[in-house]
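Dropping the structure in here first, questions after.
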Amino acid sequence: MEKEDAGAVQCGTGEGEAVVLNERSEQCSAFASIAGCDEAVAQCFLAENDWDMERAINSFFEPGVESALQNKAAADIADPLKQETMSGTASDSCIDLTGDDLVVTKSEATTSNSSTVKQEDESHFSFLTWNIDGLDESNVAERARGVCSYLALYSPDVVFLQEVIPPYYEYLKKRAVSYTIITGNEDEYFTAMMLKKSRVKLISQEIVPYPSTVMMRNLLVANVNISGNSICLMTSHLESTKDHSKERLKQLDIVLKKMMDAPPLATVIFGGDTNLRDQEVAKIGGMPNNILDVWDFLGKPEHCRYTWDTKVNKNLRAPYICRLRFDRIFFRASQEGSQVIPQSLYLAGTEKLDCGRFPSDHWGLLCDFAIIL
């Protein structure tokens, strides 16, 4: 990955720890040179194999789930989605991704948000939503490894994913053993939630259908407890393309009603690929009074205005420039008790992989929430 300049290594407090971290950084460089991969990917394989170089190399080249990813043809999945990308109208064995021995080999963590790589803090939790573009079969295995590298780097407590395909799901189950993963479906393509086992207790889950979707879309809901707080999590991938605006707004209405109907003592967080254009939100009169768009709430930060940006992200090789805020996070506060408040918002996935492409045609949104008693 290449967005920032120097490599940054997470420093320990003693000389011995510093030596170990330096040795591991050198191992990452050596592994990356041998395997022809990113150093962040190298770190993942070394960590899962107890920093044994030979075992890690063997694991990297082991056939298995990645072969399924490589061989999966997405051409027969969701024709409307393929039209969106072309029309110009749209816009390894297990690894614990929350391990304490994370070596940060790029400086994105310190440049974009120094709080993203940290020990668990009960007064905060982190959240990532990302359309990972599983329908694009090009470089899908390397892009999947890239997504897992970001999960290892940021170690978010909650992850929402859109455009997950079955081989990608199997890959995540194999790699992200520190998360409970639930999905909105298990066929063709779907949404998923990843809940860090050490922080998030899953209470219940629900799939809310969209009656008139033609793209297999739905709303995935999970009621969880984080640090003693009841939180209702929701993710969705709303209907794609400009031509399906009417259906998209129907789906948005279902989402907003579901958020408003959640128990009053619960905090509600929705995140996903909404495919919304600003004029569509204006058309319905804006957001309900008790539901906030986190980007608006945080002062409309320019650095994360666009999450689908063909000016910078050339994955689609689009012959046009289109910069839109498709990916959004909505928030409804609880009416009593401790409050969960959005604190910061950053883009994820903005570094190219060695294949010359980004992990997805979308940027991810990484949000930090404070828990105020």
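Each residue, glycine too, has its Cβ placed from N, Cα and C.
Okay, so Swiss-Prot annotates it like this:
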ACT_SITE  D273  active site, proton donor/acceptor
BINDING   D133, E163  Mg(2+) binding site
REGION    131-135  region 'Interaction with 5' end of substrate DNA'
REGION    237-242  region 'Interaction with 5' end of substrate DNA'
SITE      Y189  site 'Interaction with 5' end of substrate DNA'
SITE      W308  site 'Interaction with 5' end of substrate DNA'
SITE      F326  site 'Interaction with 5' end of substrate DNA'
SITE      H362  site 'Interaction with 5' end of substrate DNA'
Given the recorded positions D133, E163, Y189, F326, which lie close to W308 (site 'Interaction with 5' end of substrate DNA'), meaning Cα to Cα within 10 A?
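So the list is F326.
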Cα distance, D133 (Mg(2+) binding site) to Y189 (site 'Interaction with 5' end of substrate DNA'), nearest Å?
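Cα-Cα, rounded: 10 Å.
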Spatially, and counting Cα to Cα, which of the recorded positions is closest to F326 (site 'Interaction with 5' end of substrate DNA')? Options: D133, E163, D273, H362.
D273
By DSSP, what is the split of the region 'Interaction with 5' end of substrate DNA' (131-135) into helix, strand and coil residues?
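Computed counts for the region 'Interaction with 5' end of substrate DNA' (131-135) are 0 helix, 1 strand, 4 coil.
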Rounded to the nearest angstrom, how far is the Cα of D133 (Mg(2+) binding site) from the Cα of H362 (site 'Interaction with 5' end of substrate DNA')?
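Answer for this pair: 8 Å between alpha carbons.
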Kindly state the mean pLDDT of the region 'Interaction with 5' end of substrate DNA' (131-135) in the predicted structure.
97
List nothing but the one residue from D133, E163, D273 whose Cβ has the fewest other Cβ atoms within 10 Å; the candidates are the recorded positions.
E163
